[in-house]
Every structure is written in C-alpha cells, then in structure tokens.
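Taken from TrEMBL as is:
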{"type": "ACT_SITE", "residues": "Asp390", "note": "active site, 4-aspartylphosphate intermediate"}
{"type": "BINDING", "residues": "Asp390, Thr392, Asp794, Asp798", "note": "Mg(2+) binding site"}
{"type": "BINDING", "residues": "Asp390, Lys391, Thr392, Glu511, Phe553, Lys577, Arg606, Thr686, Gly687, Asp688, Arg768, Lys774, Asn797, Asp798", "note": "ATP binding site"}
{"type": "DOMAIN", "residues": "65-124", "note": "domain 'P-type ATPase N-terminal'"}
{"type": "DOMAIN", "residues": "821-1048", "note": "domain 'P-type ATPase C-terminal'"}
{"type": "TRANSMEM", "residues": "121-138", "note": "transmembrane segment"}
{"type": "TRANSMEM", "residues": "297-321", "note": "transmembrane segment"}
{"type": "TRANSMEM", "residues": "327-346", "note": "transmembrane segment"}
{"type": "TRANSMEM", "residues": "855-875", "note": "transmembrane segment"}
{"type": "TRANSMEM", "residues": "881-903", "note": "transmembrane segment"}
{"type": "TRANSMEM", "residues": "933-953", "note": "transmembrane segment"}
{"type": "TRANSMEM", "residues": "959-980", "note": "transmembrane segment"}
{"type": "TRANSMEM", "residues": "987-1007", "note": "transmembrane segment"}
{"type": "TRANSMEM", "residues": "1013-1039", "note": "transmembrane segment"}
Amino acid sequence: ASDELGLHFSMHRFLESKTRTHPSPHCCRHISSTTAGLPSFEHVVCLRCCGRRDPRPRTVWLGHPEKRDQRYPRNVINNQKYNFFTFLPGVLFNQFKYFFNLYFLLLACSQFVVEMRLGALYTYWVPLGFVLAVTVIREATEEIRCYMRDKEVNSQIYSKLTARGRLGGSSVPANQRVPADMIFLRTSEKNGSCFLRTDQLDGETDWKLRLPVTCTQRLPTASVKTLLKCGCLTVCQNISEDSDPPVNESLSIENTLWASTVIASGTVVGVVLYTGRELRSVMNTSNPRSKIGLFDLEVNCLTKILFGALVVVSLVMVALQHFAGRWYLQIIRFLLLFSNIIPISLRVNLDMGKIVYSWVIRRDSKIPGTVVRSSTIPEQLGRISYLLTDKTGTLTQNEMVFKRLHLGTVAYGLDSMDEVQSHIFSIYTMLTQCSELGFSHHIDPPAVKGLNLATKVRKTMSSRVHEAVKAIALCHNVTPVYESNGVTDQAEAERHYEDSCRVYQASSPDEVALVQWTESVGLTLVGRDQSSVQLRTPGGHILNFTILQIFPFTYESKRMGIIVRDESTGEITFYMKGADVVMAGIVQYNDWLEEECGNMAREGLRVLVVAKKSLTEEQYQDFEARYVQAKLSVHDRSLKVATVIESLEMEMELLCLTGVEDQLQTDVRPTLETLRNAGIKVWMLTGDKLETATCTAKNAHLVTRTQDIHIFRLVTNRGEAHLELNAFRRKHDCALVISGDSLEMCLKYYECEFMELACQCPAVVCCRCAPTQKAQIVRLLQERTGKLTCAVGDGGNDVSMIQEADCGVGVEGKEGKQASLAADFSITQFKHLGRLLMVHGRNSYKRSAALSQFVIHRSLCISTMQAVFSSVFYFASVPLYQGFLIIGYSTIYTMFPVFSLVLDKDVKSEVAMLYPELYKDLLKGRPLSYKTFLIWVLISIYQGSIIMYGALLLFESEFVHIVAISFTSLILTELLMVALTIQTWHWLMIVAELLSLSCYIASLVFLHEFIDVYFIATLSFLWKVTVITLVSCLPLYVLKYLRRRFSPPSYSKLTS
C-alpha cells in the first residue's frame, strides 16, 4: 500500500448564519493519517452552507476527479448582472417592468390596428426603438467593462499540484493571494508557520498566524507534492504489521488558508476545499443587483399621474360627444391622440444625461482616478442622508505611528525621541563598561545600582526609560522575517540579522509600530521563534530571552502578557500590556494613570499600559504547575486558566504608557465636517475592536469634542438589552458606540426602538461588525427612515454593505480592488467623496430635475394645443400635427437646447464645496416635487392655450396657416423657455439654441406639405408669431424677475 497514495476528505459545511469572520469554534474537525511510506488522510471539517442547499458531507478525491460524487463550482469571481443568454431578456424585462416604457410599447403596438392608427408607424416605433437602443448599448458597455475587470482577476496563474479536478493540491508563493479556501499542509518556512493578511475578508491589513497540519509539515516538500500528484486511493483496511500506527490530530481555524488572503513569506502547500461561489469571501457577499434610483421612481410616479390626466381628458372629450356611436373606439383614439402628455423622449433624455454626468465625473481633475461603474444612479449622490463607512483603509491608512511615551513624571513625543535614544545608549554603555571591569550581575557598581530589578530605591531616569523600552521590545507577538534584497540572500541575512532585509510580521499593526519604535531608539528585535526572543543592543550585543509562557490578547481580557527568562542573568520577568480600563486594577496604586490615559485618548491616540513583575524561580514553578493543571481540566477549563493567570496579575509595577496613532487618510477631518454640515449623518461600521473604533472616531472628529459618547455595554439577553436601551434613551445629542453582539441582541428583540434611537444620534460607531451585519444595518436604515444611504468601503468585507446601499462607493487601497469592483462609484481617496457628493451629486440631481420637468412641459404644451384644437372643432379625434412635425418637435427642433440643461449649474463648484449647506436643501427633494410639477403643468397649460387660441384668432383663411403660426410660435416659445430656465450659460447652450433655430428655418423649405411656405415669408406671419410668443413668455420672465428680487433662493445670495 505504500505505493498507492491518495487523500479522502469527508467534510460538512461551515455554518455561516451566526458566524462573523470565521467558522464556529465548536465545529468537529479531525485528521487521521497512516504513515506507511507516505500518508493517506481523512479530514472531517464542517462544510459551509450555501443557503439554498442543505448541509451534507463532501468527499474530495485527490487525483481521482472521476470518482467525485458532486460537481464543484468553477474557481472564478463574477460581478456581472447578466450572462450571454440572459442579457437581452433581462435588459428588456428591466425596461418594461416599469409603467413608463410599458405604456409606450402598448401604444406602438396599437398602431398595427387600422381603426386605431393616427399616423405613420415610424412616428411611434422609431422613438421607442431609439430609447431601447440607447439603454441596451449602455448596459452592454457596462457588462463588457465588468467582464474585463473580472477576467483580469480570474486570469491570475497558480501552481496546481493535481492533474485534474477543481479540488486538490495547490502551491502558493509569498506575496500572492490564496486562490481558494484550503487546508494548510506544509510551509517552506523554518519556524513551521506562516503569516497571512486577511484584508479582503475582515478589512484588516495586519498579519494572522497560521500553522500547517503537523504530520504533513514533518514530511519533506517533495513527498507532500508527490502525495498530492498521486492518482490512486490507499485502501487502509489491511495495514501491515510494520507500518506506523495511525496519528490522530485535531484541526482548528489556524490550519486554514482562506481565499483572497496574502501569504507573507515562504511557499505554502495546501489542499483546496472550496471554490467559486462556495468560497467564504463570496458567501459573505450578496449577488449584484440592478439599482433603480429614487429619482427614477419619482419620475415614474409623475408619469402615472400624467397617464391619469390622459385618461380623464380622453373621457371628457368623449363625454362631451355624449358617448355617441362607437364611443369606446373614440376613447382609444383620444388616448392615442393625447399620448404626447407622457413624453417618450423623457426616458432617453434622462439616460443620456446620466451618461454625461458619468463622463464629467471621470474627467474631473480634482478627483483623479474616479470611476463610474454604474451610470444609472448619479442623481442618488445628490440626496444622501446617511453615510455608512468602513474604518480601516477607508478613514485610516492602517499605518500606525508611535507618538508618545509617558513615564508618569515625564513624557516623550516625536520631537524628543532622541532623548530616549541617548538614555538607552548610556545604559548599555555603562553595562558594557561594568562587564569589562568584572562586576558580577549580583553586585552593582554605584553608577548602575538602579539597574537591579529587585531594588526598591528611586531609580534613575535612564533606568526607567530602559525598562520601559525593554518591556515594549519583549511583550508582543511580532516575528522578524528576513527576505532577500538582491544583494544578500535570505539565509545570510537571517544569520547576520541584516537590517535591510528584515520585515516585521504580526497580528496587529499596533505591535509592529511599537517594535519599530524600539528599533529606532536602539533596542532591536532581530529574532524570534516559538520559544525564544533575541534583541540587539546599540552596541551590537545580542540579548537572548527564553519564552516561558505567552498569554495572547483577547477581546474579553483586553490585555496580553509574556513570561521570559533572561539567559544572561536567569531572571524571570512577567511583562504585560493592555487597555487602561483593565490595567488600572492590576498595577500598583498611582495618581497619574487615569488622567494621562484620558489626555492621550482625547488626542486620538491608542493607549496601552505597560507593566512588569519579577518572579523568583520558585514562584514561576508554582505558577506553571497550577497553569498546566488548569489547562488539563475537563470542566470550566477557561475559567480555571483565567483564575491562575489572574493570580500573577497583582501589584504589578507600572512602567509606562504608549500612544500610537492610526494615521488618518488625507483630509478625512474636513471631509467629515463638510458631510456633517451638509446634513449627512455618518455611521462607522468596522470589524475592529471597540477601543480602536472609539479612538478613531475621536481622532477623525466623527464625534466632536463637545459631544458625549455613550458606549453601549455588552448585552447577552433581552432583559439586559431593555435596561441598556432605557439608559441610552435618557441621553441627548450623544454619539453611540455599540458592538456587533449587542447590536444583534437589540435588533432581535427591540429593532424598532433601537433604530429610532440610533437615527437620532449625530454619529454611530458599530464595532466588531460582520459583513452581513453591515448590510443588515443599511437595509434597516432604508426601511425605517425611507432616506437614501451611501456605503463606503475598501475591503472584501464591505462588498455586501456597498451592494445593499442605495449608492455604493469603493475606495481603491491596500486591501485590493474587490470593494472597488463591486461598487457603483470607485474613488482613490476618502476625501474625494466630499466633491463627489457636494458638486457632482448636487449638479446631477438638480440638472435631471430641471431636464425632466422641462421635457414634461414640452409635451404638455403640444398636448394642450391638441386639446384646444379638438374642442374648437367639435371634439374631433383629428391630430393637429402629423408626420415629421410631431417627430421633429421633440427631436431636431428642441432636443439640443433642452438637453443642454445637463450643463447648467446654479453655483460654481468652489462655492458648493465652501457652503455644504446648499446640499442640505436637496435632501427634501424640492427640485422635483409635486409642487414644482404642478407649477410646470400650469405653465404648460397657459402657454399651450395662448399659442393655440392666438393662432385661431389671428389666422386668415386656410387651416394650414393655423399650423404654421402655432407650430412656429411653439418652437420659439420652447427655445425662449430654455433660455429662461438656464442659470449659468455655457457656450454649447448658445450653439444648441442657434442650431435648433437654424434647423427649423432650413426645414421649412421641405415642409410644404404641412406649412404654406409663401405665407411664412409675409410680414403678417412674422408679427402674429411675435405677438403670440411674447404673450406666452413675457409674463413668465416678469414673474422670474420678481421672485429673484423679493424671494431669492439660497444659492443666488452666494452668487450675487
């Protein structure tokens, strides 16, 4: 059996319903192997639930794809809304599911019935076809772009170690993303572990420690690769007597490599478990959906009102005929005759306007790199009420900088770090001199007497600084890794501790910042493995420490500790660092800790309290015995272990406070201030811990200095949630900070009450949020408030939130492009969001509002004229204008001037950024409301009536003169109304006006079928048209002047 190799996996799904960023710790996992020559394995883990399918076991046959009992999805990402077969049906369905387009489809189809036909078929089908063609081309362009972006990601090449099949072995080198969810079998690193970055999963760019399966790590690399390439199955029923006994080994989260994570160093070999849509990162996201803007829904609502008016007018016309003859057929003919009440050009104008807005956004030099991935919702940017943002990589750079060292009586900032360096140098210089003079470690010379760890006398400043720096350099989980730099190879760099080749890896960027700072002041971390730490002094001497115990940081304990033995002296020291709230009760009494922690926190620094405790050999042996016994307990193991550790955490010596700053993105503070002044409430949703999130909120001025912060304490049941909500209800103008667990409990029992209170807060910070929770919060805000939401993020864990929001914005940063690819808009820096909303969002919304209402006005004018004409001529269902006149009216004669409104703006972009209060006016939807709609309806009825009655009164003998006078007056009125509506002239607007007028005049030569060419050349025609046009437009110009004079809008006060 030693020559027949294979792997047999039996897996159950990871249940994702209640997990946040990793599987349930209670899942059953084990690995058993038989090591006869090379092993065969049986893995039992929990397979994730896809949602639609029930959990069931899975068997993975390595090298035997023909034996698999189920199909596995392709290992690709797909952000497209359609595929090749569903594109056309999907686009058409999305177009015709709305009343607006469905109405015009029915209208065009009705012209195939002879009794209902009012004119040529092309007068109805050409406009509808043009509208659909524009929509299909736009959607196809976006789908092709999305396909190309996905193809770029899916084309990355990896080393596959199995011949066939999607599930099998794979090799991943350093600095490359893991292609699929895998079990970690082996690493080339000497320390037998590797770090990986989970930026695309939880939004954090810090490194996570992962350990390979022990039995496969012991095998040579060649053996593992041979094992994975093998095409046989080991039958382990009859194992020979000389074979090794089976090895049972438990698997944990530390043995997994998730897709999209980055390998820090070395080459890893793993077994692929999940691919494609079953990837953990994919299952944390929702399917992309077609977003329909609120503005489009409002326009759709207005068209329904217009349709109601159309039906009423048609019924009135038939009623005035006393329902004579085939009155039902007359109703249909009137419906077709007045169909211009609902303008078919409205949809195509708005769609083309969206394309222009998208082009303007991409071309804006002040927000370079901005990409519009969804051109259907630019107006949404102008009406955002809630902004939900990620923290790490979005508000912050995730680059930690050491800012402050506080020793109680003295503090060192960035400008005084050279003093710390001189203290460290002087200490180790004295130690070197004492060593040369022959002083033992137990007899202190007078100059360095303060260095004795057991002394109770007041220590010198140098020794206090030294002890603080030494504690910071030892108390962490940072591992230095050496890489080849082209000059020095990895092995040589590791042997000589080459500074230029060293890279620090840790599970927290805070710890890396602390270790980098100790290096800058002279005490360098040069080596570390599972059992020892090496530090280098300013003089180049190596200090060796043995790691006896490590107590890692947890969310519950809020602290981490380490027990080390100094190899040169044999002294055992317990170092600890943690949050001030827990360390205050652990360290010896002092009168400065609380005050200084508060001062540093107000500066936006992450504060850690560092302490130590010296242990004798007897004390440590006693502790170790109790600690080992507690870890072997079957019942209440965690409680017993914590109790033993707490026995050490008493009366510890306070060494120092450290202040680290997570550097904010450029101009985050002024951008948040601008958004706040614009009436936008900002919620920060992050997977980071509570203290860090609160600190960043203060630092970014998300919470102002005058605002109180209510930290919602952890609740685990309905009663605690009720009491905490009552306590929160009594607070006013208070920012809320809540954890994901407490949020879940509140939403479970008191969803309505919690959302009501949270929406009243000026700012909300949700920490420890799962990706699904972020999307849930967005959805609840939309449902409870009815306001528009915008989600901003940069990591794969933000994709669900971005896709759920009314408007999703992705930031391209260190965490890859997953959020950017899934977003509606992509920006390169958070500060660009201010201009995107204040300038482009505002302009897009106001321009579309003006454009839509003017297109409706244009159609209502001609419909009013038709109604007057039919009324005068005994309610006959005869069209006033036919053929090319009716098509030309809404296209070449008025299309360019009306569409030029997409270039209009009320204020300059600099003014819009300087006065964000202008944005607040849009949140009420005033540019497009029932009030403004009614005003435009009245204007249309007035102008249509004046033009038609004027033409009827002033025409002479022939009907064709009525057409000439009324149609010419109508064209001139529309051109003058565009000029009346424009607030800031653009040269293209002037060109559009002159071009349209020229086209009309030139076309008169060819319109002899509808217009008397000789009549329009007479003076009588000119004065009649002039009078009618002045009567229809002049009163509106006077009203506009009086309004701007006595009740000017807010923007006009800034431009005057």
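Cβ coordinates are placed from backbone N, Cα and C, and glycine is handled just like the others.
Within 10 Å of the C-beta of Arg606 (ATP binding site) there are 22 other C-beta atoms, taking all protein chains into account. The stretches the transmembrane segment (327-346) and the transmembrane segment (881-903) meet in space: the count of Cβ pairs below 8 angstroms, excluding pairs fewer than 6 apart in sequence, reaches at least three. If you take every residue in the domain 'P-type ATPase C-terminal' (821-1048) and average the pLDDT, you get 88.
Sequence-distant contacts of the transmembrane segment (297-321) (same chain, six or more residues past either end, CB-CB distance under 8 Å): 98-100, 103, 327, 330-331, 334-335, 338-339, 341-342, 346, 350, 852, 856, 867, 870-871, 875, 877, 925, 928, 933. Proximity to Asp390 (active site, 4-aspartylphosphate intermediate), judged by a C-alpha distance within 10 Å, picks out Gly687, Asp794 from the binding-site residues Phe553, Arg606, Gly687, Asp794. Here the CA atom of Asp794 (Mg(2+) binding site) lies 22 Å from the CA atom of Arg606 (ATP binding site).
Looking at the residues that bind ATP per the record, Asp390, Lys391, Thr392, Glu511, Phe553, Lys577, Arg606, Thr686, Gly687, Asp688, Arg768, Lys774, Asn797, Asp798, the two CA atoms farthest apart are separated by 31 Å. Each of the binding-site residues Thr392, Asn797 was scored by the number of other CB atoms within 10 A of its CB, and the lowest score belongs to Thr392.
Using a 10 Å radius centred on the Cβ of Asp794 (Mg(2+) binding site) and all shown protein chains, the other Cβ atoms total 35. A count of other CB atoms within 10 A of each Cβ picks out Asp798 as the most crowded of the recorded positions Asp390, Asp798. Ranking the binding-site residues Phe553, Gly687, Arg768 by the distance of their Cα atoms from the Cα of Asp794 (Mg(2+) binding site) places Gly687 first.
Across the domain 'P-type ATPase N-terminal' (65-124), the DSSP tally of helix, strand and coil residues reads 31 helix, 0 strand, 29 coil.
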